[in-house]
Every structure is written in structure tokens, then in C-alpha cells.
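Below is one structure, written out as C-alpha cells; the observations come after it.
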Ligand SMILES: [Zn+2]
């Protein structure tokens with residue numbers, strides 16, 4: 001089966017063929033950095049990281065652009081409330097987002113442009129729209145520039161709405177708007193707010209304009225995939241597409257949208273407190289378990305958060321991990337293989353992670369049976385395929401990311417030191433000196449190292465959380 005995706009614009013699953021053979025260009029609307037991220041903010045990051053890893057696995061050269069919206073009303077208001085410059089607020093929160101993506105093992109974007117670093121590109125795009133009769137500068141001297149919705153007949157096609165039934169653009173635009181659906185490309189300067197010069201007056205960019213300018217700067221006028229959360233389809237993506245296509249660009253060839261992470265069936269709001277901020281959640285489950293949780297539902301479905309579901313996901317992940325650990329102990333170091341055909345077919349079919357995970361868990365079951373039967377070779381083969389699948393999902397426990405092997409080689413040093421201690425403990429037990437054996441175990445526990453006696457000898461691991 002060939003790779004295919006549900007394209008929001010076509011409202012159907014379409015075969016995917018990239019614009020340039022062997023290459024995929026992917027734009028994802030990144031964070032508006034007005035607060036540190038909670039897990040609802042990060043689902044799209046994980047979703048599109050799985051997409052990217054699958055494309056890489058299939059041999060594509062992927063250019064992944066994820067922007068940062070570093071200026072908006074909330075950032076400005078927060079800065080005013082704290083009596084600091086706006087960029088202190090956005091810098092602080094951007095770092096929190098970067099850290100959260102790292103914690104969850106998302107590959108860094110190829111390029112991560114910031115909106116305020118691309119004002120010349122935005123001015124250029126507004127110039128093209130005004131020249132073509134699709135935009136106008138407000139005639140009240142406010143500095144606002146608006147997109148003229150009635151000049152673009154395809155407006156509404158992406159979100160599937162008819163222009164005459166559409167709600168007004170809710171962007172706080174001024175009285176100089178000629179039509180209530182017209183939306184702001186540029187917001188004229190207001191006292192005490194940051195602004196930049198344009199031929200039409202000072203001001204700051206509108207959110208939609210930013211993404212059009214950044215996507216086309218890095219990926220070209222026409223590119224393969226535009227992604228984002230389902231809540232961005234209208235007006236944000238409708239407006240991005242209208243601007244770019246009205247200006248003469250092809251823009252995105254496929255639109256992919258991930259469902260929302262909800263709580264009690266409702267979109268996660270600001271009133272969550274700190275308990276769902278990424279650094280807090282990873283005190284309760286390990287980062288890799290959080291990633292497994294966020295990535296286990298097909299990306300288009302909404303996912304309702306609960307602490308129980310999070311811990312169930314962690315337990316499911318630990319069963320996978322447990323098999324790989326036992327397989328490693330019994331059959332030797334686990335290698336990697338290609339992914340099984342069933343897994344590939346599932347991911348090719350609009351990233352069907354539910355079916356893909358069915359193959360993963362099938363391998364764990366069969367692998368455990370193989371170990372129980374002493375079929376070492378079969379167990380080793382299943383373990384290798386399992387690692388390959390987990391790698392695509394970004395949750396391979398034996399990978400450098402999650403095994404700690406990347407920590408400047410310290411894992412090996414710790415392993416050697418712990419082995420010495422564990423041997424001393426074994427020796428103490430052998431001579432029936434249980435007091436010494438217990439002391440060694442307790443000292444290791446204080447250092448966060450748990451020693452477990454198994455039929456294959458003692459095993460140690462770091463205590464989590
Ligand atoms: Zn965007």
C-alpha cells in the first residue's frame with residue numbers, strides 16, 4: 001500500500017506524492033509562546049514527530065519547519081502586567097517549549113523561525129496582495145492592513161464553509177474594515193506596544209500573515225504538508241491559505257490536522273493549574289511513557305486526558321520494555337531489523353497508530369511465549385523488529401534517547417560501578433552476611449538504583465520519577 005493521508009481540504013484520504021521526488025516539505029504551526037506548555041499543547045508536536053520519523057524511515061529527506069509566534073496580545077499584556085519587555089516573556093516561554101519537546105524526544109525542527117524575525121517577508125507578502133487587489137490599508141490612518149475576503153472566491157474551501165454564512169473576523173479590527181469578514185494582515189501601532197515600520201504605517205503582524213510568510217520563505221511557494229491542531233482550521237489556516245493563494249502561491253498540497261487533547265470532553269483551558277505542565281507530568285510518569293501516551297491514539301481522534309489513562313499507558317509501555325529487557329538478558333544484545341509489513345501498512349494508512357500498536361503488542365506477546373519456550377532465536381528476531389517499530393514511534397527504550405547511552409558515556413561508567421556493588425552484595429549473601437548485603441542494597445537505593453533478584457541473576461535500574 002502506498003502512503004496516504006486524510007487531507008482536510010479534500011475531506012478524504014488521498015495518496016501522498018511529494019512535490020519533489022524523495023523530499024518532503026512539512027510546516028507545522030508551532031507555539032504561541034504566551035505560557036509554558038501543558039500536555040495539550042504538545043500533542044501536535046508528538047503527532048508530527050511520528051509523521052516525520054515515518055517519512056524518514058521511508059527514505060524521504062524531510063525539511064521540517066515549525067514556527068514560533070513570539071508576539072501576540074497575551075504576550076504583550078503579560079509583559080505589561082510584569083512591567084518587563086515583551087521579548088522577555090516570549091523568550092522565557094519559548095525555552096519552556098523547547099525543553100518540553102526535548103523531554104518528549106521530538107526531533108528538533110530543520111528550521112524554527114520566529115515571527116518577529118520575518119517582518120520584511122511579511123511586508124513583501126502584503127505588497128503582493130495589495131498590488132493584486134486582495135488587500136487594503138485602512139484609510140483611517142490606523143496602520144491596519146486587511147485581507148479583502150470578497151476578492152477571493154475560494155475563501156472558505158479549506159474549512160468547508162460558505163462565505164455568506166461565515167462569522168465575522170474576530171480580530172479586534174478597527175472601523176476601517178470594509179467587510180466584517182475581512183481579517184487583519186497587519187495591526188496598526190497602539191501606544192505602549194511594540195511596533196515595526198511598514199509602507200502603510202507602524203504596527204505589528206497578524207498571526208495568519210506570519211505563518212504564510214515563514215512557510216513560503218523556508219519551504220517555497222508550494223510545499224507538501226501543512227499541519228496543526230484541528231482548532232486551527234478556521235480561521236487561522238483558512239486565512240493562511242487565502243493570503244498565499246491570492247498572492248499567487250500554491251501553498252500547502254496536503255492539510256493534516258490532529259485532534260485535541262481534552263479533559264472531561266472539553267478543550268484544555270488555562271485554568272488547569274500546574275499539574276499538567278510537562279515538567280510536572282514527568283514527575284508522575286517517565287518522559288518516554290508520556291510520549292507513548294500522547295502517541296498511542298490515531299492523530300485525528302480526540303484524546304480525553306485522565307490520570308488513570310496516563311498510568312495505563314505507562315503500564316502498557318513497561319510491558320513492552322520488560323520483554324526487551326528479558327530478551328536482552330537471555331538472547332544477548334537486541335539488534336534492529338526492518339519493521340514488519342503489518343506495521344508499515346498501518347502507518348502508511350494515514351498514520352494508523354492503533355493498528356500499528358496492535359502489531360507491537362502482538363510481538364511482545366509472541367516474544368514472551370518464545371522466551372518461555374526457550375526459542376531464543378525467534379525471541380531475538382521479534383525483539384529486533386519490535387525495536388524498529390518503537391524507533392519509528394520515538395519510544396525505543398534501548399535507543400540513545402531513552403537508554404541514557406547518550407549521557408556522555410556515563411551509563412557505562414555507572415553500569416560498571418553498580419556491577420561492583422552488586423557483586424559485593426552477592427558475595428556477602430553467599431557467605432550469609434545478610435547485614436552487609438542489605439546495607440549495600442540500601443546504599444544503592446539511596447542513590448536511586450533499584451536492584452532486583454531475577455532467575456538470571458541480579459538486575460539493576462534507576463528508580464523513576
Ligand atoms: Zn500557523
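A Cβ is built for glycine as well, from the same backbone N, Cα and C atoms used for every other residue.
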Scan 262-266, 267-271, 272-276 against TrEMBL and say which stretch is down as motif ''KMSKS' region'.
-> 267-271
Cross-ref TrEMBL: Zn(2+) site 29, 236, 240; candidate in list 23, 211 matching that site is 211
So which range, 74-115, 116-157, 158-199, gets flagged region 'Disordered' in TrEMBL?
-> 158-199
Correct range for motif ''HIGH' region' (source TrEMBL, candidates 9-19, 31-41) = 31-41
Among the binding-site residues 29, 211, the one whose Cβ has the most other Cβ atoms within 10 Å is 211
Going along the chain, which residues at least six beyond the ends of the motif ''HIGH' region' (31-41) come within the CB cut-off of under 8 Å?
-> 68-70, 72, 74-75, 78, 89-90, 93-94, 96-97, 100, 207, 260-261, 263, 267-268, 270, 272, 276-278, 281, 290, 294, 305
Sort the residues of the motif ''HIGH' region' (31-41) into helix, strand and coil with DSSP and give the three counts.
-> 3 helix, 2 strand, 6 coil
DSSP composition of the compositional bias 'Basic and acidic residues' (162-184), residue counts helix/strand/coil, works out to 3 helix, 2 strand, 18 coil
Spatial neighbours, same chain, of residue 240 (Zn(2+) binding site) - Cβ under 8 Å, 6+ residues apart | 208, 211, 212, 215, 226, 251
Give the sequence-ordered list of residues that share a chain with residue 236 (Zn(2+) binding site), lie 6 or more positions from it, and have CB atoms under 8 Å from its CB.
-> 29, 207, 208, 211, 228
Helix, strand and coil residues within the domain 'Cysteinyl-tRNA synthetase class Ia DALR' (342-403) as assigned by DSSP | 49 helix, 1 strand, 12 coil
